[in-house]
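Q: Below is one structure. I have some questions about it.
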Amino acid sequence: MERLHWVQHRCRQLLAGDSGRGWYSAPDGLPNKSSLDAHSSPHRVIGKRRTVFARHGPHQQEYEAVYKSYKGNAIRTTKYSLLTFIPMNLFQQFHRTVAPSSTENEELSQLLKLYKNNKIRTTKYSLLSFLPKNLFEQLHRFANVYFIFLAALNFFTVVEAFQPEIALVPIILVLTVTAVKDIWEDYRRFKSDHFINRLVCQVYSSKQKAYIDQCWKDVRVGDFVRLSCNEIIPADMLLLYSSDPRGVCYIETANLDGETNLKQRQVVLDLPLQGAELNLESFHSRIECENPNNDLSRFRGYMEHPNGVRVGLHNNNLLLRSCTIRNTETVVGIVVYAGHETKAMMNNSGPRYKRSHLERRLNTDVLWCVLLLIIMCLTGAIGHGLWLKNLKDPVFEVDGETSPALAGFYVFWTMIIVLQVLIPISLYVSIEIVKLGQIYFIHNDLALYNEQLDSRIQCRALNITEDLGRIQYLFSDKTGTLTENKMVFRRCSIYGVEYPHEDNARRLEVYEAERNDAAGQSVTLKSGCSRKSLSCRSLSCNRSSVSLHTLTADSCFSRVCVCLSAQAREVVPDPELVRKLSWLCSPTLPLSDGSSGTPSSLEVTYITDFFLALAICNSVVVSSPSQPRHMVPEARTPLKSLEEIKLMFQRFSFSPFSALSPPLIKGSPRSFTSRLFARGKTGSCNFSTPTNSTTDGSEASQENVGQAEDRESEDNNIKDTKTNGLLYEAESPDEAALVHAAQAYHCTLRGRSAESLLVDLPGIGSLAVQLLHILPFDSNRKRMSVVVRHPLSGQVVVYTKGADSVIMDLSAEQAQEIYSHIREQTQKHLDSYARDGLRTLCISKKILEEEEYEVWLKRQLLAESSIENREELLLESAQRLETNLTLLGTTGIVDRLQEEVPETIEALQRAGIKVWVLTGDKKETAINIAYACKLLRPNDQLLTASCGSKDACAALLEQLKLEVQSGEGSLTVLTAAGDHEESSLGSAAGFVLVIDGRTLDWALQEELKSDFLELSCRCNAVICCRSTPLQKSQVVRLVRDQLGVMTLAVGDGANDVSMIQVADVGIGISGQEGMQAVMSSDFAISRFKHLSKLLLVHGHWCYSRLANMILYFIYKNVMYVNLLFWYQFFCGFSGSVMSNSWVLILFNLLFTSVPPLIFGVLDRDTPADTLMELPELYRVAQTSKVYVPYMFWVTVLDAFYQSLVCFFVPYFALAGSDVGALSFGSPINASALLIILLHQVIESRTLTWIHMLVLVLSGGSYFGFVLLFSLFCVSCSPPTNPLGVETLQMSQPLFYIVCALTTVMALLPRYTHPRPHVHCGKFTHKTYTTSGAGVPGEVGRLLIYGLTFFKEARRVKKCLHIVTAVMIIMKSTLATEEVQILQSVLAHRRVIQLHT
C-alpha cells in the first residue's frame, strides 16, 4: 500500500476539487466529508440562506462575485472524468470501503453487494461442470493426451491396427478411475463445506432492531455480528465492542496457525463510550481498509467518523475467521472480509506439491521410451516399404495402388498404435497409489506416535516420500528441535553475584531420571484430541465450543507451561538469596555496605527490582479456577501501612535509578526497620528451602527469620492458598519459567488487565502496578519492555529483558567502580551459563523523568495511531526508550535435550548424513548443546569463524582452509593408528566449523560463498550461531544448489519456516512455538528422535520400493512390446499381431498391473530393526545401483533378452507346423505372463500370503479370460476368430513344455545374477546360497568372516541378521566401498573375534 501513497494523495485532491461529483453528498449544512467548508470561500453562506442576483441588471458586479460558487444546471452521474479515472480507479482497486449494511447511502449499499458473501466452497466441481472440467484437468497430463490421440488415430482405416472401440478401453479406464477418485475427494470437501456454512451466529437486523440467528453463509460484509465466549469467529471482523471494561478481547488462533496461547485484541480507539451494549443504530462511521490478502500479521486502514475524524486500524483490532473467542462474555464486530476473502481462506492452500528426484528422473526415462518407440516404428515403416518394393508375384492380396513410401508412412502410425504400451500410461497412476499406501503405513507407525500430545506424523506433501531415502544434508534448528523448549529456571546472577541454586539442580536431575524411566512405557494410538491438553484450559465461560478443522489436521496441543508437571515448574530457592531477601522482610536485621556478609541497601534494591521485573515484564495471562484470565482480583490491604512502605522504598533510592551518588543511608537501619514493622506484621517470606541448606554464619539470621515467619503463619496460609491456584499462560516457555522463578521467591504475579497488574512482593503484600505500555518482543530488537508507574514512588519505570548481546550494549556506562564491577561479573556469569548450555536473558531497568516520559509518550501515541509506516515508527519509538539501561542481572534457564537426540544424530551421521545446526543462540550455548547431542565429539577439532569485516572474513576462510588441509593428513594417520572400533562408529577425529551470524553474512556473499562451501564440505559438521531466519534459508539454498545434494530442514518455530520451504524436504516439529513450521512443512513430527525411523526405515523402504517398481514397469512394458516387434519381421512389417486385440490391451493394463502395486507398498528389502541397528545401510542404499541412469538401459537390455527367448523358443518349437497366428501367440502370451510374474518374485525380498494371493489372481485372471474368450467369443476380435484356439492349445502337452522351457531360459540369468539391491535381514523369505570360491581379495575374505560369524551367531542365537545381511550383500556383488562399510559394521559389533 505504501507504493500507492501518491495515488491516494492525488485521488483526494481530485475528489475535493471535483466538488463531490459522482459521489454521494449530503444536503448543505450536514456534516459530511464532501460538504464544502464554510471557511473555504468568503462568499459561501452557512446554512440554508442563499443570496441570488439577477444575471443582468444593476447587481451585475455582485453576481460576478458569487455565481462561481453555485452549481450549474448540468447533471452528472458518472464516477470518473478524463483526469480522475486513473487515480480514482487505482484507489478503489487497492482499497476497500466498508459501512454498516443498513446504510441509507445507495452507492455504499451497492458497493457492499459487490463483495463476496461468507459462503465458502472448496469443491472443484459442480454437477454441470464436473465432466468437462475433470476432462480438461486430466488432459493436462501428456500421457493422457497421447493415448487419446492414438485412440482417435485408430478410427482411420488406413492405419487401423484393431477395432477402434477396443483402442478406447485403456484411456477410458484410466480416465474413469481418476474421475472416480476426484469426485470422491470433492464429495468429502462438499460435506465439510456444507457443515461449516450451516453453522449459526447472531447478526444484527436493522428491521427487527435485534440480533437474530443466521447461518454463516448468509453473513455479508458490513453486518454486525455478536459472539460469546468459546464461539468461533465466522468472518474477519473489526472489533467494535467488548464486554470487558477495558475494551479487550482474547482469542485463540489454534485453528488458524496452531498456536494455543491466547492473543489479545483491542476495540478500535476513539469510539464513543458505550453503555452495557453497543448502540448500533448510532454507528455511522465508514471504514477504509486494504484489499483482501493472506498476511495474517498485517491489517491497515482507518475508520472515519461522521465528524471527519480518522482513527487508524491495525492488526490488533481485527478478529480473524476460524479463531475462537476466549474469556470474554460478549464481543461485537463489523464484518470487513467474508468467505473466500478472509485471511484464513486465502491461506488455505491445501497440501504442498513438490516434484521428487525420482519423478524427475522418471520423466527422462519416459522420453527415452518415446525415442525407443519412434525407432521401432521407423524400423517397421522402412521395413514395410522395402518389403513392398521387393515383393514380386505375391501369393496373397496386396494393395498395389499404394506406393511403398506411402504404405510405410501408414505403417509408421499403425506401429505407433500397436506398440503404444511401450509408454507406461498406468505408471503415473500406479505411483500415486503406491505413495498413498506408503503414507498410510507411515501415518500409522506406532514408533512415530506421541502419546503425550496424542499426535501422529502428518504427511502434508504426498509425492516426495521416496526423497526421504536420499537425504545427504540435514539442517536443524536447536531450540525446540533438539531441545524440549520447556524452560526451567536453573540459576541467576544479580548485582554481579552468582546464585547457583544447587538444590534446584539436584531436584532437576531427580526429575529427569524419573521422566526417563517413565518414557519407556508402551503406547497405543488414540483418536481425537487428548483430554490432557484440554484440561489445561481454565475457561470462565459455559458455552460449548464447536471445533473447526478447516485448516489444521490437529490443533490439540497443550498450553505453554500450563500443563508442565509440578516438578518441572517448581524452583528451589537459593539459600544465599533467601538470606539476603530476608533483610527486606525481617524487622530486626540491619543493612550495611555489604562488607561483612550483610547485603547493602543497593544490593537489596537490585534483588527486589530483579524479581519484580521477572514478575511483570511479560505478557503472561493469569487465571485461577474461580477467576477469568484477564481480570485483576481486588488487591488485599498491604501488610504494611502505605507510609511505611513509601519510607522503605525511599530508603532504597540510589544513583543507578536517579542522579544521586550511592552513599549509605543515614540514620540507624535497625531503628528504621523497628519503626517500619511497628505494627508487628511482616511480609510472606516462608521460602521452601531445604532444611540442610542453611548458609554458614547465618544461624542467627535464620532464627530471626523463623520468628518472623511464626508470627505470620496465618497470613502465609491465606496467601499460599491463593497462590497455588494460579495458572499462568505464556506466549513463550521462557516467560513462564521466569514467572515461576519469581513466584518461588514470593514475588507473585496474581492478576493482569489491560491497564494494571497485581503483584505480591515479599515483606509488602499485594500491590497494584499501573501498566502504561508494553513494548512486545520482536526479532529485530531481541527484547521486550514494560513501562509502569510505580505504586509507591509514583515514578515511571521501564523494565527490559532480552538477549545479552543486546542488553549489554544498551546498558549505561557508569563512572562508578561498583557498576563496572557488576557489568564485568555479569558478563563472566553469562559466559559460564553459555558454556553450561543454559539460555540466558539479561534484566535491566530505567527510570524516566516525567518530562522525558511525556515527550516519549507523544511520539509513541503518534506511532500507535499512524495509518502508514506504523511498524517502523513503533520500532523507532521503542529503540528511543530502551537506552541507558541499568543492568540488574541475568538468568540461566535450562532447556533439556529431547530424549534420544544424541543417539539419533549419531545414527544419522553413521548413515552418511551431514548434520548442520542453525540457531540464533550464543556460540557457547550452541557448542555446549553440540557436545551434549554428540554432534561435536571430544576428539574433534573446533574451528571458530568470527570477524567483523569482509576482508577479515576472506582471510579467515583461507586460513581455516589451509588448517583443514594440513590437519587432514595428521588426522588420517591418527585414525589409522587408533582403535578400529572408533573408525567403525564414524567418529574419527575431524573438524567442526562454528560461525556466527555476522561472519555468516560475509561468507554468504557472492565472492566468498565458494570458499565457505569448500571449507564446510571438509568439516564433519557446521554450527551457525546467532543466525537469522533469512540466513538459515540462504545456507540451505547454497548447499542445495551448489552441491546438488538432497537437503532436509527441520525446525519448530516461525523463524524456521523459510529454511523448511527452501529445502528439498521440510520437516516441522509440533512443539511449544505453535504450528507455523508444521503448516509450512512436508512432514510434521512431534519429536526429533522420530527422524531416525522416518529416514532410516521408511525413507529407505519408500525409495527402494518406488525405484524397483519403476524399473519393473519399464521392464514389463518393453518386454511385451518387443514380442510384437519381433513378430513384424515375419509378417512383412505390416503391423499385424499374433494375439487378439483384447489380450493385447488388457495384458499390461489389468493382468500384470496389480502385483507391482502390492510389492510397491509392502515389500521390505530389510527389516526395520536391522535398518535401525545398522544405519550404514542407508548410505549403502544411496551408493548402490538401484536406480541410476544406466540402470534404465540395463533393464531395457534385460527385457530385450527375455523377449527374444519368449518369442523364438515357441517359434522354433512350432516351426514347420500348421499353427495359425493366434495359436502361435498363445504360448508366447502365456510364457510372457509367467516370466513377468516370476520376475517380480525374484526381484522382491518379501513374500507374504498377500503377495502370493495377488500373483495367483493375476495369473488366474489371464487364463480365465482367454479360456472364456475362446469358448464363447465368436466375432469379438475381427478379422481374426479366437474361438477354440486357447482350449486347443491348453489341451496339448507341447504348450506346457514350451511355456516351462521359455520361462526357465528367460529367467535364468536374472536368478543367477540378480540386479544389485541392498539385501539383508533375518526375516527375508528367500534363501540365498553363496560360495567363497572364486571371489577375489577383500570380498572373499569378508565372506569367510561372514561364515565364521554365522556359526558363532547360531551358537549364541544373536545377530543372525547381520550375517544374513553380509551374505546377501555378497550375493549382490557390492562395490569395494560398500564392502568396507560392512566390514566396519562387523568390527563395531565385536560379537566374536575374527581371524583370517
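Just so you know, the numbers here start at 1 and follow the chain as drawn.
For all residues, glycine too, the Cβ spot is worked out from N, Cα and C.
If you look up TrEMBL, you'll see 65-97, 112-166 marked as domain 'P-type ATPase N-terminal'. Per TrEMBL, the feature transmembrane segment maps to 142-159, 165-184, 366-387, 407-429, 1110-1130, 1142-1162, 1187-1213, 1219-1238, 1250-1274, 1294-1312. Summarising the annotation, TrEMBL assigns Mg(2+) binding site to Asp477, Thr479, Asp1052, Asp1056. TrEMBL lists Asp477, Lys478, Thr479, Glu735, Phe777, Lys801, Arg839, Thr919, Gly920, Asp921, Arg1026, Lys1032, Asn1055, Asp1056 with the feature ATP binding site. Per TrEMBL, active site, 4-aspartylphosphate intermediate is recorded for Asp477. Among the features that TrEMBL reports, region 'Disordered' is placed at 683-719. The annotation compositional bias 'Polar residues' is assigned in TrEMBL to 683-705. If you look up TrEMBL, you'll see 708-719 marked as compositional bias 'Basic and acidic residues'.
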Q: Assess whether the transmembrane segment (366-387) lies in contact with the transmembrane segment (142-159), where contact requires at least three Cβ pairs under 8 Å among residues 6 or more apart in sequence.
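A: Contact between the transmembrane segment (366-387) and the transmembrane segment (142-159): absent.
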Q: Need one number for the ATP-binding residues Asp477, Lys478, Thr479, Glu735, Phe777, Lys801, Arg839, Thr919, Gly920, Asp921, Arg1026, Lys1032, Asn1055, Asp1056: the maximum pairwise CA distance in Å, whole number please.
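A: Among the residues the record ties to ATP, max Cα distance equals 25 Å.
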Q: Please list the DSSP helix, strand and coil residue counts for the domain 'P-type ATPase N-terminal' (112-166).
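A: DSSP composition of the domain 'P-type ATPase N-terminal' (112-166): 30 helix, 0 strand, 25 coil.
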Q: Of the listed stretches 407-429, 1142-1162, 1187-1213, which one has the most C-beta pairs under 8 A with the transmembrane segment (1294-1312)?
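A: Top-ranked stretch among 407-429, 1142-1162, 1187-1213: 1187-1213.
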Q: Including all protein chains shown, what's the count of other C-beta atoms within 10 A of the C-beta of Gly920 (ATP binding site)?
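A: Result for Gly920 (ATP binding site): 22 other Cβ atoms within 10 Å.
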Q: To which of the binding-site residues Arg839, Arg1026 does the lowest count of other Cβ atoms within 10 Å belong?
A: Arg1026
Q: Which is it, of Phe777, Asp1052: the one of these binding-site residues whose Cβ has the most other Cβ atoms within 10 Å?
A: Asp1052
Q: Out of Thr479, Asn1055, which of the binding-site residues is least crowded by other Cβ atoms within 10 Å?
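A: Sparsest of the binding-site residues Thr479, Asn1055 by Cβ contacts within 10 Å: Asn1055.
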Q: Rounded to the nearest angstrom, how far is the Cα of Arg839 (ATP binding site) from the Cα of Asp1052 (Mg(2+) binding site)?
A: 17
Q: Taking the Cβ of Asp477 (Mg(2+) binding site) as reference, which residues of that chain separated by at least 6 in sequence fall under 8 Å from it?
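A: Counting only residues 6 or more apart in sequence, the Cβ neighbours of Asp477 (Mg(2+) binding site) under 8 Å are Val917, Leu918, Thr919, Lys1032, Val1050, Gly1051, Asp1052, Gly1053, Asn1055, Asp1056.
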Q: Excluding the flanking five residues on each side, which residues at least 6 beyond the ends of the transmembrane segment (165-184) place their CB within less than 8 Å of a CB in that stretch?
A: 124-125, 130, 134-135, 137-138, 144, 147-148, 150-151, 154, 417, 425-426, 429, 1141-1142, 1145-1146, 1149, 1277
Q: Restricting to the domain 'P-type ATPase N-terminal' (112-166), what is the model's mean pLDDT?
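A: Per the prediction, mean pLDDT sits at 82 for the domain 'P-type ATPase N-terminal' (112-166).
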Q: Can you grab the distance from Thr479 (Mg(2+) binding site) over to Gly920 (ATP binding site)? Cα atoms, rounded to a whole Å.
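A: So the Cα of Gly920 (ATP binding site) lies 9 Å away from that of Thr479 (Mg(2+) binding site).
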Q: Which range out of 407-429, 1110-1130, 1142-1162, 1187-1213, 1219-1238 gives the transmembrane segment (1250-1274) the most CB pairs under 8 Å?
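A: It is 1142-1162, which has the most Cβ pairs under 8 Å.
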